[in-house]
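Database features, via TrEMBL:
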type     : residues : note
DOMAIN   : 246-373  : domain 'GGDEF'
TRANSMEM : 59-82    : transmembrane segment
TRANSMEM : 88-109   : transmembrane segment
TRANSMEM : 116-145  : transmembrane segment
TRANSMEM : 160-178  : transmembrane segment
TRANSMEM : 185-203  : transmembrane segment
Ligand SMILES: Nc1nc2c(ncn2[C@@H]2O[C@H](COP(=O)(O)OP(=O)(O)OP(=O)(O)O)[C@@H](O)[C@H]2O)c(=O)[nH]1
């Protein structure tokens, strides 16, 4: 009885000891693990995080990456299989497709231009399908269904429709080894139908995606970019500046005595003033300048390429535009602006804090701009 009661404890003890020994071994290994390995793991995690973020932001890049990976694995496998079986020509085609998909993926990742990469994959898919059908005959035709569906997600609808039509027409007339006319007809009809369904689905999905994207990044009242997008764009601007691609500046704009408009004339009058303000600002900005609403009556301008002189002129211009054009039921409205050019050694939050501080300095006088030194 005693033994029975003690035995689970003993087993537990042994298990604990074993766990303890394992933990000690792990700790010892961890102590001796070279710092390089830790650095490599951190680097890999960083790349995965970057990949995840970019794929979430760019729908097409996500499709290219995921479909690309699956296609590379599948076609790579087929390529090896074909070489082993002695189908050198088909093996070469599959291998060329794998290389094109990798090249397209790398291009999309490096340049951020997923459109060209998608187009490259559409062209490769279509030509690949035709060549495979011409070489393999009936069995080669099945790859076309894959390709036509993928095309609608890899690129815009127009090139995808064009590629699908071209594929069906070419297959309809191409001499194919061992393919009966009825099989060919059946393939062309089903492939055209699959393309049509893919087109309808892709068109709806892309409309929804655009709508959702707009809802996610735009301020519903004024239609300008929102705080969420600003939080994403700000570190990107710092990154671009570090890479030597731009000399950016930030300007924080805060309407003066805005509460008074709300209090005296109601919230709707305040809303109309905010909308009017954004219209006026947008009229005075360059195409590359980005305007965000980050709070109630607080806006931020992210300017891509600017120097102190240009920034001074722009701020003067915006102060004048607002003072002379923005009207509320309470009379003319003014704005206070604080700005800061990015310093080489600061991060995004330090940069924003400097621009914010400059705005609070401007607020002491109102209808005024201050550029952080
Ligand atoms: N109409 C309207 N008012 C808003 C909105 N968001 C915030 N507010 C109001 O904006 C006002 C901001 O007031 P304060 O921060 O005191 O600023 P202010 O009156 O402009 O004062 P100064 O900035 O010091 O000149 C508050 O009354 C908020 O209720 C909005 O979307 N619409």
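Including glycine, each Cβ sits where the backbone N, Cα and C put it.
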Counting Cβ pairs under 8 Å to the transmembrane segment (160-178), which of 59-82, 88-109, 116-145, 185-203 comes out on top?
116-145
Using a Cβ cut-off of under 8 Å, list the residues of the same chain at least 6 residues beyond the transmembrane segment (185-203) that approach it.
141, 144-145, 148-149, 151-153, 157, 160-161, 164-165, 167-168, 171-172, 179
Confidence summary for the domain 'GGDEF' (246-373), mean pLDDT rounded:
94
Restricting to the same chain and to residues at least six past its boundaries, which positions have a Cβ under 8 Å from a Cβ of the transmembrane segment (88-109)?
54, 61, 64-65, 68, 71-72, 75-76, 78-80, 82, 116-118, 120-121, 124-125, 128, 131-132, 135-136, 140
When the domain 'GGDEF' (246-373) is classified with DSSP, how many of its residues are helical, how many are strand and how many are coil?
59 helix, 31 strand, 38 coil
